[in-house]
Amino acid sequence: MRTEYCGQLRLSHVGQQVTLCGWVNRRRDLGSLIFIDMRDREGIVQVFFDPDRADALKLASELRNEFCIQVTGTVRARDAKNVNADMATGEIEVLASSLTIINRADSLPLDANHVNTEEARLKYRYLDLRRPEMAQRLKTRAKITSLVRRFMDDHGFLDIETPMLTKATPEGARDYLVPSRVHKGKFYALPQSPQLFKQLLMMSGFDRYYQIVKCFRDEDLRADRQPEFTQIDVETSFMTALQVREVMEALVRHLWLEVKGVDLGDFPVMTFAEAERRYGSDKPDLRNPMELVDVADLLKSVEFAVFAGPANDPKGRVAALRVPGGAQLSRKQIDDYGNFVKIYGAKGLAYIKVNERAKGLDGINSPVAKFLTADIVDAILERTGAQDGDMIFFGADNKKVVADALGALRLKLGKDLSLTDEDKWAPLWVIDFPMFEDDGEGGLTAMHHPFTAPRDMTASELKTAPEEAVANAYDMVINGYEVGGGSVRIHNGEMQQTVFGILGINEQEQREKFGFLLDALKYGTPPHAGLAFGLDRLTMLLTGTDNIRDVIAFPKTTAAACLMTEAPSFANQAALTELGIQVVKKAENN
């Protein structure tokens, strides 16, 4: 039906007769001439109808936005004064000789000239996806997956599918369950990741595996989370953590070079402890120049319990955050930031305004100045590198609260005061995570997942001191987003059972949930390691949007619903009966 795409016409096509198919993006009726901007997935081209082709001109008068049409015409160069430098096709136009209206369009529920609500965009997603910026994002996503497949194929990885209907495993979120008609009362789980299957593939001898795969997690949603999402899933045998990181770093550098024309360079490596200490986060945004600086040793003797208490507590921390130019902040802004850190458990926000650095105590403004000596102020200013016009905020509490509160404040200030370099790319690896963390109920939970191996520990050493264990794990972070994470896996049955035991999974439960894995570990399991990237999040970064729904064709809302199809929906009673399921209605309060 067509010979060319609208958006691909150039000066090289001048004089050629072309047939185009697409939609009316805009129509301008000048009486004797009608101009339309005609759009397809590749872009927009100007088409005009003149009196010499009366039939086409008459039909063109009926055109309205989003009519689906076919146009045949001749490509012409525009006069110099009419060249549109803002359009890829701005040097040419098409003189139409014939027009076919394939399908007309009703009045549109979306307004192309205004910002539409996200609710409207998701309800009429098929119209929203016609917008050039949305089409471009999905084209970029397709390019990314194509680049990934070629790269992985070139590096000896095999694309192997794993099951969608599987068994529930503990991976940190609730499973989506699928009832079995054949096995009444039993349920499949949709996979949160192909974790165990890819490990089993390593045990089967497929030493380099990858898959671009759907995963499912029934968890509370955020702007960068979806109940169904796509992973670039990778696993290898006989490779060290460093070797895995090198290959995966090469993949990501390849993506940025091909999609953005940017060489990310070598990725710096930072331990979890250093990231938390310096940035208050295990996924630090290195585009932001501010860092947390420990000052507890300077404040142990002050007569101010807010500082002295945490400064003298082994589990406490007092840290400072220097904000370049922050002395300009108003009292209201400071109060607003004080309320902001309370979200993260902080009780408030002490501060020092640095007016004249050289004057020390006499050159600052601070509600806590009366508790500080000149020597202490000089030491704080020296350690933080404060300059005239800076602000120093303090966090004083237990280590987690200080890291969370000042880490979040650092990001907010970086954005509010334009301190974060938005034109920069800042990738890094974060390694050496704690293997376990407190579950809040007196037990331990795996920081990554229960199949991650510890670094340099035997099973007996791990059992004796699990709190000291460091996971052989690694996360890739870009501009403050965790885009991928992985680890060296446990390939020894004794170690795996030890980890299960530490997590409170007894032997009977181990056999019920992971018997197949424990059996497989008995038969010459190779050392193996892997990683998974979030394709949606990578695409979000590479297309410059901060909303993951912008890079998924048909996403869910933050309530895990599809406004277009109205999923989820109630099942009919016959289907429920066949599955042996009875819906229990919630009792209404009178």
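Indices start at 1 and increase along the chain as displayed.
Even glycines carry a Cβ here, placed using N, Cα and C.
Here the structure is a predicted model, which means the values were calculated and not measured.
Feature list (source: Swiss-Prot):
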{"type": "BINDING", "residues": "Glu171, Arg217, His448, Arg489", "note": "L-aspartate binding site"}
{"type": "REGION", "residues": "195-198", "note": "region 'Aspartate'"}
{"type": "BINDING", "residues": "Arg217, Asp218, Glu219, Gln226, Glu482, Gly534, Leu535, Asp536, Arg537", "note": "ATP binding site"}
Can you work out which residues elsewhere in the same chain, 6+ from the ends of the region 'Aspartate' (195-198), have a Cβ less than 8 Å from its Cβ atoms? 162-163, 166, 169, 171, 209, 211, 233, 235, 449, 451, 514, 517, 530
With the ATP site defined by the record as Arg217, Asp218, Glu219, Gln226, Glu482, Gly534, Leu535, Asp536, Arg537, how many Å span the farthest pair of C-alpha atoms? 20
Rounded to the nearest Å - Cα separation of Arg489 (L-aspartate binding site) and Glu219 (ATP binding site): 25
On the DSSP side of things, how many residues of the region 'Aspartate' (195-198) fall into helix, strand and coil, could you say? 4 helix, 0 strand, 0 coil
Sort out for me which one of Arg217, His448, Arg489, Arg537 has the most neighbouring CB atoms within 10 A, since those are the binding-site residues we care about. Arg489
Among the binding-site residues Glu219, Glu482, which residue has its Cβ surrounded by the fewest other Cβ atoms within 10 Å? Glu219
In three-state DSSP terms, the structure that Glu219 (ATP binding site) belongs to: coil
So if I measure Cβ to Cβ from Leu535 (ATP binding site) and keep only same-chain residues at least 6 apart in sequence, which ones fall under 8 Å? Arg141, Ile144, Thr145, Ile212, Phe229, Thr230, Gln231, Ile232
Conformational class of His448 (L-aspartate binding site) under the three-state DSSP mapping: coil
Take the C-alpha atoms of Glu219 (ATP binding site) and His448 (L-aspartate binding site) and report the distance between them in angstrom, rounded. 16
